[in-house]
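The structure under discussion appears below in the form of structure tokens.
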Amino acid sequence: MKVSSLLPSVLLLVGATRASPHPAQPPQQQPLNNIIEESNTQTNPPNKHDLEHVIDTSPLLSLHRDLVKFESISGNEADVGDFLIQYLQARDFKVEKQIVVPKGPKGQGERFNIYAYPNSTPEPRVLLSSHMDTVPPYIPYSLDLPSSNGSTTDSLNWRDNILIAGRGSVDAKASVASQILAVLEYLQLHPEAPLGLLFVVGEEVDGIGMQYFSQSELNTSPPTVHTVIFGEPTELALVSGHKGSLFFKISAKGKAAHSGYPWLGQSAVSALLPALVKLDTLADIPVEDGGIPGSEKLGKSTINIGRIDAGIASNVVPASAEASVNIRLAYHDVEKVKEIVTKAVDEATNGDENVTIEWGNKGKGHAPIDFDTDVDGFKVMTVNYATDAWYLKFHEGSGGSPEGRVHTYLYGPGSIFVAHGADEAITVRDLEDAVSGYKKLIEAAFERNKV
């Protein structure tokens, strides 16, 4: 590729992006198309500079890069949040910084949501939302190209297959970046479109950001929005529903003693083990035998004993033991599942009062949640993971929708199978296809709610 032949177009693209804060100039994206076409026709093997050039010359890919380079593990979202505020304000957005956790005495620890909309349209009707936080550990941003099998197709389409890795590259900074670009590009053609963006903290832990937003004045009563599009890794499919979630801790108390004389003590581990063995089977045994129900739509409920802590040393009879358990619920009745768990533990331990259950999330748990899938042209699937969409509780009212309810969608680039893993990564094509997908959902929402 001849860089010199691209330089005027690149300078035009960069200049247009920086010089005008409002994205009202449709021509500014045209040079990017030329760059894409020329990049995809290069026959020489691309080098590191070629990969970086693709990122640098794309508003979408460079924004995604900038986001992933921030370490924003849950609780540490402030830096990436400040960056997003500046980015959106420079593009003529009104940004409301919603403080969720205030700064500490030394100015540390501030956590905030970002609620943004064009200055020209202060009441969004369509809201796109995702989260700024990631799971640990931080993995630096990097670029790579999957090995080619030597085919002509591979050599021509190398740009689409560039692999962008790093923590959050999929979950969920891919959604954040593609949602922003979708909104900017839609506004270029429809400058008065009432669109909004909501980026929250804490989705990966406790949903604190969405809970705070849901209880705030920004979640208006009655709703002003008629559509909310949540961004998570769905492999560019519309999700018709995801499982609920129930966390709990099961603990046992014992009495410490020398391991050479275990009869002088009481092992908390021995008390806990029968309960864990029973719990481990609850999603696999028939309901009539005390198992946890599933559903036709979401399949089986699943149970995971994710952490066990006990004792202080191998030569001491353990005086305490506990396990953390998570059930992914395909069944709608959370209270019924809690009854099933309680009964199973009681039967397995013969009613041992030293074994107790502590329900997480203030004992509430989350039932499965459904989403809309009424837009043509998308694959439709269900997922086993949960999102913070459960926490967004709409007030009574139609949100301007003739159907009398707020429509919700779950969609985004990347695969959940690599999210949270050491190999978290996404391709250029997935990111760019997501922008088109989000714009299609936006357009369908406005078409559906035409008066």
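Cβ atoms here come from the backbone N, Cα and C positions, even for glycine.
Taken from Swiss-Prot, the feature signal peptide applies to 1-19.
As annotated by Swiss-Prot, N-linked glycosylation site applies to Asn149 (among others).
Marked as Zn(2+) 2 binding site by Swiss-Prot on the basis of similarity to another entry: Asp171. Sequence-distant contacts of Asp171 (Zn(2+) 2 binding site), defined as residues of its own chain at least six apart whose C-beta falls under 8 angstroms from its C-beta, comprise Thr134, Val135, Glu232, Pro233, Gly414, Ile416, Ala419, His420, Glu424.
Per Swiss-Prot, the feature Zn(2+) 1 binding site maps to Asp171, Glu204. In the three-state DSSP scheme, Asp171 (Zn(2+) 2 binding site) falls into the coil class.
Sequence annotations record features per position, and here Swiss-Prot assigns active site, proton acceptor to Glu203. Taking the Cβ of Glu203 (active site, proton acceptor) as reference, residues of its chain lying under 8 Å away and at least six apart in sequence are, in sequence order, Ser74, His131, Asp133, Ala172, Gly209, Met210, Thr387, Asp388.
Secondary structure from DSSP puts Asn354 (N-linked glycosylation site) in coil. Taken from Swiss-Prot, the feature N-linked glycosylation site covers Asn354 (among others).
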Measuring Cα to Cα, tell me the gap between Asn354 (N-linked glycosylation site) and Glu204 (Zn(2+) 1 binding site) in whole angstrom.
32
List of residues, in chain order, with Cβ under 8 A from that of Glu204 (Zn(2+) 1 binding site) and at least 6 apart:
Ser74, His131, Asp133, Thr134, Val135
Would you count the other C-beta atoms found within 10 angstroms of the C-beta of Asn354 (N-linked glycosylation site) for me?
15
